[in-house]
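Reviewing the structure listed below.
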Amino acid sequence: MKEQKPKGGRRAPEGPNAPEGGWGWMVVAGCFLATICIRAVTRCVSMFFVEFQMHFEKDYSTTAWIHSLIDSTTMLCAPLGSFLGNRLSCRVTVMLGGLLSSAGLVLSSFASSVEFLYISLGVITGLGFALSYTPAIAIVGKYFVERKALAYGIALSGSGIGTFLLAPTVQWLIEHYSWRGALLILGGIVSNLCVCGALMRPLEDIEFQKSVFNQEVVATFLIKTNILKMEDFGFILIPSFLILSVSFLFLAYGCSSPVVYLVPYALSVGVDHQHAAFLMSTFGVSGIVGNITFGWITDRKCLKKYRMACYMVAIAMEGLCCMFIPFLHSLSLLVLLSALYGYFDGAYVTLIPVVTSDTVGSSYLTSALGVVYFLHGIPYLLSPPIGGWLVDQTGTYMTTFFLSGASFMLSSSVLAAAVFFRYVLMMCERTNGKKQCTAQVNLSDFLSFFPKRKN
């Protein structure tokens, strides 16, 4: 089988050569299961918040560092996952991450202090998730082009489905086996990342035949590997990617705290533990709908140019929902808002790898996602403890939720400002040297600030 090698010696054919199905759907299934094991489990760590706080007798801010560390480590080490995914293959990297994250959860069940959990749950489990998450998502983009958004919608809906199923399950496990037993069982569940990795077959396997495996072949391979190291991150200085990165920083700060404090807030207004867990389930199942519907809709020919606009709307609506949370004190209203919040959360989560791919091209997708998730790291680290500190200082959750909502709105505003600036530049270019304005810029040109790059 003839192998196509673009500049830099990349191994797998991409873009138009992607199979658009076949084993690609098994890869989607693997990514779906991986997001259950990674993102859904990370969300459900918030179910342990009150248990940790009571057992170790710590305040909100100190306890919040546990969740922020697991989230931030996952994101800060995402480039490492990208690097190993490019070198060892996505399959091997995801399986290594599964072993490491499972070990971290098992160790956490023996924790004797909050500091122990910082290391075992925050660092070890987070590092394992980092190795698995980016390669699992990136390989989906290598198998699909025309149906990329739908494939990602299905794959990333695992986060919502997993949250829907795991939230009440984790609460039940805590009640029957204590938080230690629940963490031990979660460690067993997460070990299934090894199964997920096994499904992620490279698009093309390169085999060196023994008859040609000589010093010249090895030397050529090493030279190409060095070229790859230099070219893997050549997308970083693309202006549109830089603007997208700034937006991601605000987004990352906004999306962490609400998930951590939704259950504690519900408990503070009189909702019992089981119903509070139901809020997380509602958040999860509505996220599934957001994943799939936005994935399917933005794959339509008439809307492909408006993917960035859809993404901007989703995060702006997420911000509004976040700001409304502290005004609701009844279970029914909290369930309704959790559904809306989860829907738009699922929508933008699906579109993150899509708009990233549209910005940098699929050839850079693995490395670009590593950088994108790395940018989430510091905000993920700081957001929950800052939110906890605000709760400790004010005695209410209002400031915490308002600050997160404002971050969502700023994220959308950065992109909106970039779109408007591009529109002005395009109008200036069309009217340059002319006394009268030319025809108006098309709406599709106005909304597609990040023009789709060739895959």
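Note that Cβ sites are derived from N, Cα and C of the backbone, with glycine treated the same way.
As annotated by TrEMBL, transmembrane segment applies to 21-42 (among others). Same-chain residues lying 6+ beyond the ends of the transmembrane segment (21-42) with a Cβ under 8 Å from its Cβ atoms: 67, 70-71, 74, 94, 98, 101, 129, 132-133, 136-137, 139-140, 143-144, 147, 151, 154-163, 165-166, 186, 189-190, 192-193, 195-201, 284.
For 23-430, the entry in TrEMBL reads domain 'Major facilitator superfamily (MFS) profile'. Looking at the domain 'Major facilitator superfamily (MFS) profile' (23-430) alone, the prediction's average pLDDT is 84.
The transmembrane segment annotation in TrEMBL covers 62-85 (among others).
According to TrEMBL, the feature transmembrane segment maps to 92-111 (among others).
Residues or ranges marked as transmembrane segment in TrEMBL: 117-138 (among others).
Residues annotated as transmembrane segment in TrEMBL: 150-174 (among others).
Here TrEMBL flags 180-200 (among others) as transmembrane segment.
Look at TrEMBL and you will find 233-254 (among others) tagged as transmembrane segment.
Counting residues 6+ beyond its ends, the transmembrane segment (274-297) has Cβ neighbours under 8 Å at 40, 43-44, 46-47, 149-154, 156-157, 159-168, 170-171, 259, 262-263, 266-267, 303, 310, 314, 331, 334-335, 338-347, 349-351 in the same chain. According to TrEMBL, the feature transmembrane segment maps to 274-297 (among others).
Note on the transmembrane segment (309-327): residues 251, 254-255, 258, 262, 265, 290, 294, 297-298, 303, 334, 337, 340-341, 344-345, 347-348, 351-352, 355, 396-398, 401-402, 404-409, 411-412, 415-416, 419, 447-448 of its chain, located 6 or more positions outside it, place their CB under 8 angstroms from a CB of the stretch. Under the heading transmembrane segment, TrEMBL lists 309-327 (among others).
Annotation comment: TrEMBL describes 333-352 (among others) as transmembrane segment.
Positions annotated as transmembrane segment by TrEMBL: 364-382 (among others). Within the chain, the transmembrane segment (364-382) has long-range Cβ neighbours (under 8 A, six or more residues past its boundaries) at 68-69, 71-83, 85-86, 90, 130, 133-135, 137-139, 141-142, 232-236, 241, 245, 248-253, 256, 352-353, 356-357, 407.
Residues annotated as transmembrane segment in TrEMBL: 402-425 (among others).
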The transmembrane segment (150-174) and the transmembrane segment (333-352) contact flag, 3+ Cβ pairs under 8 angstroms:
yes
Same chain, outside the transmembrane segment (117-138) by at least 6, Cβ under 8 Å from its Cβ: which residues?
30-31, 34-35, 37-39, 42, 45, 52, 65-66, 68-82, 84-85, 90, 93-94, 96-105, 107-108, 111, 152, 155-156, 183, 190, 193, 196-197, 200, 353, 365-366, 369-370, 373
Report, as numbers and ranges, every residue of the chain located at least six residues beyond the transmembrane segment (402-425) whose Cβ falls under 8 Å of a Cβ in that stretch; write 'none' if there are none.
240, 243-244, 246-251, 253-258, 308-309, 311-313, 315-316, 318-323, 326, 379, 383, 386-387, 390, 441, 445-447, 449
